[in-house]
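Participant: The structure under discussion is supplied below as structure tokens; questions concerning it will follow.
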Amino acid sequence: MPRHSRAKRAPRPSANNSKSPNDDDTAFRSPEPEDGTDYGLEFTTSQLTLQDNNRRSSTLRRDAGRRQPAARDSSTSGEEEDQENRYPTTRSPQTRRMTVQQESKTRAAGPVAAQNQTRRRKAANPMSRAKRMDREIRRLQHHPGTLIPKLPFSRLVREFIVKYSDDEPLRVTEGALLAMQESCEMYLTQRLADSYMLTKHRNRVTLEVRDMALMAYICDRGRQF
């Protein structure tokens, strides 16, 4: 085997030679075995261990080289997260300026929007409540048709006919029904107008039941005389 030929045994030191061997000479030499069966295996195993150590160190260097960019990326991401999670007082001057400018813009836009809203509201309701009520009254006064719907009034007439007729129910023509409806509307409008005069006399605007009751009492007293 080639290992047997390459391996050399260390010579025995003589009694006359008192010089100590060098470290380099003893590092690659195995001690003298007792039975003489060592074929330089220690030398070969030491070489193998050295090679293994070199391989491990090389792989560690490569792993370290690969881990460095990953560590940098993680550190940069961590710094970004820290910047995002920081309290607003610890921000940079540039970010402070940006936030101040944005706040000033929103504050300036707030009063303008409020003014626009108020203007729109004023333009939408320029007429007061009293004027709107007077306009509605004039519109109803100039209305040519009947104010009470025809179908509800006909039901009311039928109810009174059934209630006060003893024998067979009466029949009403369309013209008679229209005349009754117009006369009823005239009576109601005149009575409400008289009642509203009492409301104005009491310096009020809303018509109440007591005003209509007082006007009915006055009308009844006038009929007796």
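Glycine is no exception: its Cβ is also placed from the backbone N, Cα and C atoms.
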Participant: Have a look at Thr37, Thr76, Thr95 and find the one that Swiss-Prot tags as phosphothreonine.
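Facilitator: Checked Swiss-Prot: the phosphothreonine annotation sits on Thr76.
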Participant: Which one of Ser14, Ser18, Ser57, Ser74 shows up in Swiss-Prot with the note phosphoserine?
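Facilitator: The residue tagged phosphoserine by Swiss-Prot is Ser74.
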Participant: Between Ser58, Ser77, which does Swiss-Prot record as phosphoserine?
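Facilitator: Swiss-Prot records phosphoserine at Ser77.
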Participant: I'd like to know the mean pLDDT over the region 'H3-like' (133-225).
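Facilitator: So the average pLDDT across the region 'H3-like' (133-225) works out to 88.
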